[in-house]
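Visitor: A single structure is presented below for examination.
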Amino acid sequence: KIITVYQDPVYADYPLQEEDAASDVTEGHDEEDQMYEGEYQGIPHPDEVKAAQRAARYRIFRQQEDLLANEDAEELSEQYEDIMEDCGHGKFQWTLFVVLGLALMADGVECFVVAFVLPSAEKDLCLSNAEKGMLGLTVFLGMMVGAFLWGGLADKVGRRRCLVVALAINCVFVFLSSFAQGYGFFLFFRLLSGVGIGGTVPIVYSYFSEFLQMDKRGEHLSWLCMFWMIGGIYASFTAWGIIPRYGWGFSMGTEFQFHSWRVFVLVAALPAIASLVGLTFMPESPRFLLENAKHDEAWMILKQVHDTNWRAKGQPEKVFTVTHIKAPKTAEDEFIEIQSATGTAVQRWAVRSLTLCKLVLRNVASLLSAELRFATLFMAIIWFCMAFSYYGLSVWFPDMIKHLQYEEYESKVKVFHKERVENFHFNFSLENQIHKEGEYIHDKFISIEMKSVKFESSLFEDCRFEDIRSTDTVFENCTIRSTVFYNTDLWEEKFIDCKMENTTFEHNKYGCHLDTVEENDVLIYLVSFLGSLAVLPGNIISALFMEKIGRVKIIGGSMLISAGCTFFLFLSFSQSAIIAMQCLFCGVSVAAWNGIEVVTVELYPTSKRATAFGVLNALCKLAAVLGSSIFASFVGITKVVPILLSFTALVCGGLVALKLPDTRERILQ
């Protein structure tokens, strides 16, 4: 049927009434059954034609918009580079260099704090082996979360703002951890301090790179890496100077103890505090502001950079000539807020937070877009392989030294067999001894220390133990009769399968204690100091040749040379040989680290730079946890597995690095 409805021109401006619009011919038929005249000839409906035309026009419009946006972005990148060249490199950049370097130094210190305080903290907090392992693991987990969180927020909220908040969180929880008396609180506060300090590396490099011109970028970002080395040296020196000074503390009764290792925890926070103070005088990144359509603020900051540099160079008359900066007309993303009149403060905060989370996650997902997919995959492999080997061997080296020390100590053990001692007063310490099937009758053990002593299948009759401090001391399969233990730390768990007859324990020492003589071996500080100092030559060489050789060759070459160095570990049979291998490995591998961080900055656009750095740095911390756990499990068992794992990872990462594009002449996108 062909239905045609005519309308009188006189009533054209009025809508048809229902009864007027119906026809006798169409009565009983739905509109869906109605067809127009050309359908049988295969001619599309006019509405369908219009819809298709609108869709085509929209696609063309979007393509034109994307093309214009890309052109605007390229024009902004080129103009921004010209502006930075006009501003020059001078006082402003060097001031920012020191402030951000202190933040990076704080990150380096954080990685050493737990290792230095653990020998004392395990006694003060009564830590088991599992709890010690969890403490070291928790710090890296916190840093992993912090890198992901603050890196993503820095691209949406601002570099400076996020860095200030992250450092403030670190300082607050470092302070609280130094006073925490229980293991649970100490663990929790160190976790949150790690979340804070984890944001420094992604933000610092992104922030500083946006104040550098192209020909200065690689070199000065490499110089910035030296602050991580300085952090290791600072931590080693302060730990060496403070922790063994057991008088540097105070106590309030038996419930609150503040020993010297807690003083070191506070001192370790000084670089973060100094950086936090310095950041209050630093501006936001103008490149970030331009990406978010804050043109006036960006222009004022660029003028400040220009005037600061040229005044310091003795040319205050030089005028900042930029009047207009090409930038996106609107911000890439806009926050959705509930107006003050339509919702409570909590609702507005919830909406802002939810929207911000969505924007951050969208930015993270965009790292796998067609343009960035391969760059992200290659960089993830390189970061993971490098961190797995570096942090794994960083744990393996000192653990191997401790193992060799233990073997040497164990080889000097004195064994006493079937000795009989009567009416003797032991007024000297017992150390590294094994007593088998001995008999001790009417003997006194008073005010002595027992260290690494084992009594096996021995008899103690009518003896007295008083004011005893023990370490790694056990009684196994012993018979103890009519014996008194007064003010000792010899608890039930130190008596294994022993037979007690008329034995009393009075005023036992509960809790743990610090040994004031040899609790902290100087070697642990020396090894960390030498490892950090060995980085200096690699830092200098990589900084000087970053622009001449190129980032890709430095990364690939350093990782492959580091892989070759690992085979020398088969020849390390002494403590001095292991220390030498550690210094060699650290000195070579730092060049690869410098190149990786520079390339990461240059591969990603401004809107995704900190996010990408944060994701990759979080992956780095995950690799550090895996590497340190796996390598430590083979200490004293075999060298082959750690060496082969590190060699394979470094070779894989080095070969992938050689596939990266050369970013030396690339303007920051």
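Every residue, even glycine, has its Cβ placed from backbone N, Cα and C.
Here TrEMBL flags 96-664 as domain 'Major facilitator superfamily (MFS) profile'. The transmembrane segment feature in TrEMBL is assigned to 94-121, 133-150, 162-180, 186-208, 220-243, 263-282, 372-393, 523-545, 552-573, 579-601, 613-634, 640-658.
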Visitor: Is the transmembrane segment (372-393) in contact with the transmembrane segment (579-601), using three or more Cβ pairs under 8 angstroms as the rule and ignoring pairs under 6 apart in sequence?
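Guide: Result for the transmembrane segment (579-601) with the transmembrane segment (372-393) is yes.
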Visitor: Which residues of the chain, 6 or more past the ends of the transmembrane segment (523-545), have a CB below 8 A from one of its CBs?
Guide: 112, 115-116, 119, 219, 222-223, 225-226, 229-233, 235-237, 239-240, 394, 397-398, 401, 405, 554, 558, 575, 579, 582-584, 586-591, 594-595
Visitor: To the transmembrane segment (133-150), which of 220-243, 263-282, 613-634, 640-658 is linked by the most Cβ pairs under 8 Å?
Guide: 613-634
Visitor: So are the transmembrane segment (552-573) and the transmembrane segment (613-634) touching or not, going by 3+ C-beta pairs under 8 A with a sequence gap of 6 or more?
Guide: no
Visitor: Mark yes when the transmembrane segment (613-634) and the transmembrane segment (372-393) have three or more Cβ pairs under 8 Å (sequence separation 6 or more) and no when they do not.
Guide: yes
Visitor: For the transmembrane segment (94-121) and the transmembrane segment (640-658), does the number of C-beta pairs under 8 Å, pairs 6 or more apart in sequence, reach 3 or more?
Guide: no
Visitor: Under a criterion of three or more Cβ pairs within a distance under 8 Å and sequence separation of at least 6, are the transmembrane segment (162-180) and the transmembrane segment (613-634) in contact?
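Guide: Between the transmembrane segment (613-634) and the transmembrane segment (162-180), which are separate recorded stretches, there is no contact, as judged by 3 or more close Cβ pairs.
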Visitor: For the transmembrane segment (220-243), which partner among 186-208, 263-282, 613-634, 640-658 gives the most CB pairs under 8 Å?
Guide: 263-282
Visitor: Would the transmembrane segment (186-208) count as touching the transmembrane segment (613-634), if touching means at least three Cβ pairs under 8 Å and pairs must be 6 or more apart in sequence?
Guide: yes
Visitor: As a test of reading the model: what is the averaged pLDDT for the domain 'Major facilitator superfamily (MFS) profile' (96-664)?
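Guide: Summing pLDDT over the domain 'Major facilitator superfamily (MFS) profile' (96-664) and dividing by its length gives 85.
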